[in-house]
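> Please read through the structure below; I'll follow up with questions.
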Amino acid sequence: MDKVNELKEKGNQALSAEKFDEAVAAYTEAIALDDQNHVLYSNRSAAFAKAGKFQEALEDAEKTIQLNPTWPKGYSRKGAAAAGLNDFMKAFEAYNEGLKYDPTNAILLQGRMETTASALSFMQSQGDIPMDVDPQQARSRRAPSPPPKPAEPPKPAEPRVEDMTEEQKNKYFARKEKELGNAAYKKKDFETALKHYHAAIEHDPTDITFYNNIAAVHFERKEYEECIKQCEKGIEVGRESRADFKLIAKSFARIGNTYRKLENYKQAKVYYEKAMSEHRTPEIKTSLSEVEAKIKEEERMAYINPEKAEEEKEQGNLFFKNGDYSTAVKHYTEAIKRNPDDPKLYSNRAACYTKLAAFDLGLKDCDTCIKLDEKFIKGYIRKGKILQGMQQQSKAQAAYQKALELDPNNAEAIEGYRQCSMNFQRNPQEVLKNAMSDPEIQQILKDPAMRMILEQMQSDPNAVKEHLQNPAIADKIMKLLESGIIQIH
């Protein structure tokens, strides 16, 4: 905020010295750092009004009121700007609205009185009130009518060069050269455009616009190094001449576009961020997001290493065999990052998720490995087992059916398909009866620790995740799942 206050004070000093453009520039820079500060918009509105830019002054006044509707000064700014545009009705309404919050405010009262006088004077000049009639009598004789719309200002006459100062002449001829350059640019006559833009710089070397235009020509001609060079020169000139921050942002953005064309996305990101720090626009923000996505993809691709993936897979296999399924998942995940197109890695991780009863994650991995290789039979078998664990027998049977289409003699697929068919025909009582006849199931259910765990799982379904971290308990729970004694959804 110290920087904001410094810029505000700088603007105030410039305004007092009647350096209105400098004041506007300082307030604008401060607003870029704190765009919710109503005082900054109010001060810039005053600077615009002093410079005769009443439309811009009105927009800033309305922004001031939007940010702080109860602040009287916002309404006095709006009244002054509207009066400058000869919109006396709007000015009168603004002063009245401000007086609702501060009925004794001298500035608002004075403004309302001056607006009334200005409106009458304007109407007289337009012939609405005869000059020999007292305005008070005129108001009592005729019904009030809305003030006329301000007449469009006449187009300024072409200035006389002989009446200009040397500086004015230079700027005038520079502008003419730029216009000729723009016309040639639109016709894609880049050589002629460059000639005129360089001529403009000879007349006025302090205008960043000319350097930006030269850079645009080099960009179109795919002369990217020269484009960057001209943009950098333009930024340097713009800083020295205190150019509009939007023009400086444009130079930075063009450098970003150039690096993007060169597929140097990290440098493009740097310059898009610099452009955003000068002036945020949706176009620059979109470009920044796109190059960030490119950088992320490049980093992902650079990380791919099938040899490292194989090492991680072996580590995952080792932990899987030891029943440490959570650690196995970490190694398979790293292997996938190193080689994201290997379906076996997703299949192996799906097996871990199955053991951990994380069926939704396992199912997602199965679908991924099938998508990568539609003939990868293990993917369909893993999917069938997971769907069986979720008690979705029809979907599980369809997965086994796909596996059998690839290999009609696959023993796992045949057994899985058979189990699904049997489960369709069995009722819950029969499932329980058959399970209880299994000595292993009986042993598990007689274990006091397992009975306590099963009771806990009934009252707190999330407890299963914690218990599955123990390989011995995980195997027993999986056995109960396969038998149909318990279900996890």
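Positions of Cβ are set from backbone N, Cα and C atoms, glycine also.
So TrEMBL lists the following for this protein:
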type	residues	note
COMPBIAS	144-154	compositional bias 'Pro residues'
COMPBIAS	155-167	compositional bias 'Basic and acidic residues'
DOMAIN	438-477	domain 'STI1'
REGION	127-167	region 'Disordered'
REPEAT	4-37	repeat 'TPR'
REPEAT	38-71	repeat 'TPR'
REPEAT	72-105	repeat 'TPR'
REPEAT	174-207	repeat 'TPR'
REPEAT	249-282	repeat 'TPR'
REPEAT	309-342	repeat 'TPR'
REPEAT	377-410	repeat 'TPR'
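Each of these features: where is it, how hidden is it, and who are its neighbours?
With a cut-off of 8 Å between Cβ atoms, the residues of this chain six or more beyond the repeat 'TPR' (4-37) that come close are 43-44, 46-48, 50-51, 67, 242, 244-245, 278-279.
Residues 4, 8, 11-12, 14-15, 18, 20-21, 23-24, 27-28, 30-31, 77-78, 80-82, 84-85, 94, 101 of the same chain lie 6 or more positions beyond the ends of the repeat 'TPR' (38-71) yet place their CB under 8 Å from a CB of it.
Residues 38, 42, 45-46, 48-49, 52, 54-55, 57-58, 60-62, 64-65, 111-112, 114-116, 118-119, 122, 146-147, 150 of the same chain lie 6+ residues outside the repeat 'TPR' (72-105) yet bring a C-beta within less than 8 angstroms of a C-beta in it.
Long-range contacts of the repeat 'TPR' (174-207) within its own chain (CB-CB distance under 8 A, at least 6 residues past either end) are made by residues 213-214, 216-217, 220-221, 237, 240-241, 243.
The residues of the repeat 'TPR' (249-282), classed with DSSP into helix (H, G, I), strand (E, B) and coil, number 28 helix, 0 strand, 6 coil.
Mean predicted confidence for the repeat 'TPR' (309-342): the pLDDT average there is 95.
Broken down with DSSP, the repeat 'TPR' (377-410) shows 27 helix, 0 strand, 7 coil.
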> Could you give the residue numbers and ranges of same-chain residues that sit at least 6 residues beyond the repeat 'TPR' (309-342) on either side and whose C-beta is under 8 angstroms from one of its C-beta atoms?
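Same-chain contacts beyond the flanks: 300, 303, 348-349, 351-353, 355-356, 372, 468-469, 471-472, 474-475.
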